[in-house]
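Feature annotations, courtesy of Swiss-Prot:
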- ASP113: Mg(2+) 2 binding site (BINDING)
- LYS417, ARG420, HIS449, ARG466: isopentenyl diphosphate binding site (BINDING)
- ARG465, LYS543, THR544, GLN579, ASN586, LYS596, LYS606: dimethylallyl diphosphate binding site (BINDING)
- 341-696: region 'Prenyltransferase' (REGION)
- 368-387: region 'Disordered' (REGION)
- 113-117: motif 'DDXXD 1' (MOTIF)
- 242-250: motif 'NSE/DTE' (MOTIF)
- 456-460: motif 'DDXXD 2' (MOTIF)
Amino acid sequence: MCNTKCYNTLAKMTVITEPAMEYMYSVPLDESEYDKCGFCQDPRYRPRRHKDQHLARAGSAKAKELCEALIGVYPRPTCESAVGHSIALVMPECMPGRVEAMGEFMESIFYMDNIAESGSQQDTGNLGTEWANDMETGPTTSVNSNTGAKQVMAKLALQLLSIDPVCAGNVMKAWKEWAAGFAKPRRFDSIEQYIDYRLVDSGAIVAVHLMNFGMGLDISVEELREVSDIVNHAGKALSYQNDFFSFNYEHDMFVKLPDSIGIANAVFVLAETEGLSLAEAKERVKELAKEHEDAVLRLKDEVESKVSYKLRICLEGLVDMVVGNLVWSASCDRYSSYRREKHQMELPIRIQGPPTPPQEPVYEKATLPNGKQLDAPTESSGKDLSDGVATLSGDEPVLGDEIVSAPIKYLESLPSKGFREAIIDGMNGWLNLPARSVSIIKDVVKHIHTASLLCDDIEDSSPLRRGQPSAHIIFGVSQTVNSTSYLWTLAIDRLSELSSPKSLRIFIDEVRKMQIGQSFDLHWTAALQCPSEEEYLSMIDMKTGGLFHLLIRLMIAESPRKVDMDFSGLVSMTGRYFQIRDDLSNLTSEEYENQKGYCEDLDEGKYSLPLIHALKHTKNKVQLESLLIQRKTQGGMTLEMKRLAIQIMKEAGSLEHTRKVVLELQDAVHRELAKLEEAFGQENYVIQLALERLRIKA
């Protein structure tokens, strides 16, 4: 098989002349070692096993140690089987240097899947989205969040990023898209309806990107869509195989869970919707799987000469994955040990009849748009019909919050890095707050942050926020200001639910600092008064760092642990890093330009670090000051004015100076984090990952 460089070089080719994939890292299994149980009967489905299976087992051992330390002991078997480790069978051509990482990844996922399956179906349905957020460091607010699981997911993501950032990015993007399409478990009317659901639920698309990671194939989410039909058929074949072998276990869990509405398993769905016996349903599953197994091979033959070489290698790997998953599922301890406990062929299936069609709701009260109910009107409506003037009868409609909430919901719907939420999750790995307290603090921080963004965009006359029109452009300044005030009431309301009597004092202290910091930022801009770098850092510590100080102090106050560690260094360095990195991105990042506009800070007249440095060191100070004066007169800068300002900054070395400061702060944040990790005796993978996603390369 070609190496990674070969894949990526040949990816641009449109005419395929290379021979079929040459296996380098695996050997075919002897037929005496496995039983296909009626699946994958085409001889091209020949299972293989990685030569370095011991590396996958070493990865599993690491994962088991980590998960037991951070999550707890869970005895159910995971990756092993009588034939081999799941990674060795499902990804037989994984690059040797990545086998151990893949083993650790898969073992961890199985471990957490065990926990999910032991909970309610509602909890299970939430975990896919939460894990995606944990890998992306996006916002999570679930009160059922498992702090240890978050640390594990962050550690896995960090490991993938350290090995191959590009392929890891493909995995994370696929995971995020998968989570966005995740649906809650439900009853199904037909096997067709079920398998479409199961294709998404199984996360097959993520598995394919993990396989590509293992093989060193840089295939983006968009590129893989070129062969989406084949991937979907493979995913459905994998799902039918898994359902066949996992049914007994899943049926047992179904009986035990009080909120179960059905089993997300093809055997159950066929038995329920088509009236088949268990044996008949299992045979039907084999037939359905065969249709998709055959389709994979047929479509693969049709497209091989039309796709890039790396996609061709991916399709070969997909065939190995389908048959490897089969052999593993048929022999793994995870399912086979359970089947040995069930000697009978037929299990009593708890079937509740066909799904009940939804009925029209019956209302006994009038329902307002906000969801609140009013008693049905009586003969006396509270209105004097003689003059048409309403009286105060007490029956007036209760107005809802849909208007005041509209700007808030709009802004919160836009993409966000979720950095502050990730910091809360990471800190909780050390502070061990109750889940309820974590949820409240996240809400308080979210409300304050959203309020500050709404207000900032108005004060800065910013037309864009995260690539979309700012809220005040859509809803108007007056309405957006009112929504900002409303958010402060929501924040205080949630704050009152915290148990610590210190919470209100902490809130007042830090919010006061934030407002003072903002006042200087606004004053410098309005008065065309350039601060010193030291004054600018003090403003950042109050304005940007204030929210970080707030969340840390609230968490310490709510923590059941006695905490005497000093977080001030980490918090201050993080606030400065976050803001000055933003200063640099505003003037140099194409992504930032797409989200906020070209050099938006210059339009707003903000004294960011590059501008402050330039005004002190440029030979063209009068020219730069004149540009700022004209900006104030005109309400912004033209493209040509911005280009001139950037040129002056470059000549003064201001952009390079700012980049140097960002890199120094980046190192400082990691040093402060390392101090706390040593003090607590525990690495904080969640915060490490959050910082890694912001990293600027030296």
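Yeah, the Cβs are placed from backbone N, Cα and C, and that goes for glycine too.
Shown here: features listed in Swiss-Prot, placed on the structure.
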residue: ASP113; record: Mg(2+) 2 binding site; Cβ contacts under 8 Å, 6 or more apart: none
residue: HIS449; record: isopentenyl diphosphate binding site; Cβ contacts under 8 Å, 6 or more apart: ARG420, LEU547
residue: LYS543; record: dimethylallyl diphosphate binding site; Cβ contacts under 8 Å, 6 or more apart: LYS513, MET514, GLY517, GLN518, ASP521, GLN579
residue: THR544; record: dimethylallyl diphosphate binding site; Cβ contacts under 8 Å, 6 or more apart: GLY517, GLY575, ARG576, PHE578, GLN579
residue: LYS606; record: dimethylallyl diphosphate binding site; Cβ contacts under 8 Å, 6 or more apart: ASP460, ASP521, THR525
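The number of other Cβ atoms within 10 Å of the Cβ belonging to ARG465 (dimethylallyl diphosphate binding site), over all protein chains shown, comes to 20. When DSSP labels each residue, the motif 'NSE/DTE' (242-250) comes out as 9 helix, 0 strand, 0 coil, counted as helix, strand and coil in that order. When Cβ atoms from all protein chains are considered, those within 10 Å of ASN586 (dimethylallyl diphosphate binding site) total 22, not counting its own. Separating the Cα atoms of ARG466 (isopentenyl diphosphate binding site) and ASN586 (dimethylallyl diphosphate binding site) is a whole-number distance of 12 Å. Using a 10 Å Cβ-Cβ cutoff, LYS417 (isopentenyl diphosphate binding site) registers 16 neighbours. Cα spacing between ASN586 (dimethylallyl diphosphate binding site) and LYS417 (isopentenyl diphosphate binding site): 16 Å, rounded to the nearest whole number. Comparing the binding-site residues ARG420, ARG466 by how many other C-beta atoms lie within 10 angstroms of each C-beta, the top residue is ARG420.
Per DSSP, the motif 'DDXXD 2' (456-460) is made up of 4 helix, 0 strand, 1 coil.
The isopentenyl diphosphate site is defined by LYS417, ARG420, HIS449, ARG466, and by the 8 Å test on Cβ atoms against their centroid, the other residues of the chain that qualify are SER416, GLY418, PHE419, LEU453.
When the Cα atoms are compared, LYS417 (isopentenyl diphosphate binding site) and ARG465 (dimethylallyl diphosphate binding site) turn out to be 13 Å apart.
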